[in-house]
Amino acid sequence: MSLNVDRAGSAFTFKGGMLPMTVMELISADPERIREQLAGKLSQSPAFFQHTPVVLSVEKLDEPHLALERICAVCRAHKLLPVAVRGGADPVKQSAWALGLGWFPPQEERTRALESVAPSAPAEAPQPTPEIQGAVGSRIHRGTVRSGQQVSAPDGDLVVLGAVNAGAEVLAGGNVHVYGALRGRALAGIRGDREASIFCHELHGELLSLAGNYKRLEDIDPQLLGKAVQVRLNDDQLTITPLV
Amino acid sequence: MAKIIVVTSGKGGVGKTTSAAAIATGLALRGNKTVVIDFDVGLRNLDLIMGCERRVVYDLINVIQGEAGLNQAMIRDKRVDNLHILPASQTRDKDALSAEGVEKVLDALSKDFDYVICDSPAGIERGAQLAMYHADEAVVVTNPEVSSVRDSDRILGLLSSKSRRAEQNLDPVKEHLLITRYDPERVSDGDMLNLEDIQEILAINLIGLIPESEAVLRASNQGVPVTHDMKSDAGQAYTDTVSRLLGEDVPLRFHEYQKKGLLSRMFGGGRR
């Protein structure tokens, strides 16, 4: 139940928001070349291609007509989700709309000027790597995570300054750090990162999971309960070692 | 403007209504104009504990639906001048409570009273959420057992996310822990969770500790809030709790197990 909805008697509210969005700056309009490059990137950093929404920017292209439908199909085949097109002439706008995509006007002159200062920038668009994502998506939660609450940092580390109580769940794409008692569930490496670990001051966790491998409270050596520990993955086995 | 205090717990049967009645009575005895509202629509109990069940004509739902005025529905307590009771409906169900209606009632009461005490139903559904939504402070009633502590933890999570103060980014609801049915002897035997463990898990300020007491059952059945029974340990403990709610520094009592001496064993330990 949402009290807000009841109060207003309306089904939804509109809210302004600034969401981080990857822009795919097209330098070539040839779907085949795009496909080749995407296939290479996919093998390098598979974590990035998780149906990630992207905006296709065609500002650098001088072609009034684009094989937009084929380009979108190539993107989707590589688990990128085109949500909008930026720039381009009127036919591009019309075909974007026809494909159910949004259309943004070209970026302002100000950013153009910046790009001309660094001419190499568009050619080597920054490649998102798991490490950079981790730094960006990290999250610090101050206070106790209570029963029924879920705190997650899907793209980075999660730091909890407090306890995670029984019935609560903390999740991170990277590591989970609990500076307090861990009594609930902790899941690290939820996107398959096998290097992810869990750290806590006092181990009583209901469930510990690393990259899909898990241990229940029952499986944990009673000697380790209540200790400050780190949990790591060794050959698909969770290893719990006291922190000295 | 009144201070709105919700008495809540998640789990049922831990002593919410007893505590709401005792705290409201205590606040009124200290000269504060107080009203206590029963939010447990369909399972109304507060009127019994307050001993006014024979004087209920209109109820909260009648007021919300415009069938009666607030002054018609509120019952003046027979023992304390400053105390009023707004009973729940026994025949309707919780769907009859609307968010707008509750807001209107609380706004109106806030103008006339110093304290509005909301006696929450058990659970975490609509009724409980409406009871806590407008609260400035919350008294979370917890028994010394694991299921009660976990449910209190859940309620504390809801208070920090689903209350008006949370949604409007105001100062958070001031949370207080009230431990009831505490039996120091069973705690020392390890049958019950001890005070420190409960406090460590819930990590909120302790406002009071009410010992397990025969006086509570007696008070409920007589319809006299236990605060009036100043000879009993529970009555004194609730009075201490009220003092702490009013900002006074009162030392904790009744939490340590005292082995019975020879005399009290011979004469049955006296009245508890």
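Glycine is no exception: its Cβ is also placed from the backbone N, Cα and C atoms.
Quick look at what TrEMBL lists:
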{"type": "BINDING", "residues": "B:LYS11, B:GLY12, B:GLY13, B:VAL14, B:GLY15, B:LYS16, B:THR17, B:THR18", "note": "ATP binding site"}
{"type": "DOMAIN", "residues": "B:2-158", "note": "domain 'AAA'"}
Quick check on the binding-site residues: of B:LYS11, B:LYS16, whose CB has the lowest count of neighbouring CB atoms inside 10 Å? B:LYS11
Starting from the ATP site formed by B:LYS11, B:GLY12, B:GLY13, B:VAL14, B:GLY15, B:LYS16, B:THR17, B:THR18, give every other residue of that chain whose CB sits within 8 Å of the mean position of their CB atoms, in sequence order. B:SER9, B:SER19, B:ALA122, B:VAL141, B:THR180
Sorted by position, what residues of the same chain at least six away from B:THR18 (ATP binding site) have a C-beta under 8 A from it? B:ILE49, B:THR180, B:VAL216, B:ALA219, B:SER220, B:PRO225, B:VAL226
DSSP, reduced to three states, assigns B:THR18 (ATP binding site) to helix
Measuring CB to CB from B:VAL14 (ATP binding site), give everything in the same chain under 8 Å that is also at least six residues away in sequence. B:VAL141, B:THR142, B:ASN143, B:SER148, B:THR180, B:ARG181
Do you know which of the binding-site residues B:GLY12, B:GLY13, B:GLY15 has the most other C-beta atoms within 10 angstroms of its C-beta? B:GLY15
Sequence-ordered list of residues in the chain of B:THR17 (ATP binding site) that lie 6 or more positions away and have a Cβ within less than 8 Å of its Cβ, or none, is B:VAL7, B:ASP38, B:ASP40, B:ASN45, B:LEU46, B:ILE49, B:ASP119
In three-state DSSP terms, B:GLY12 (ATP binding site) is classed as coil
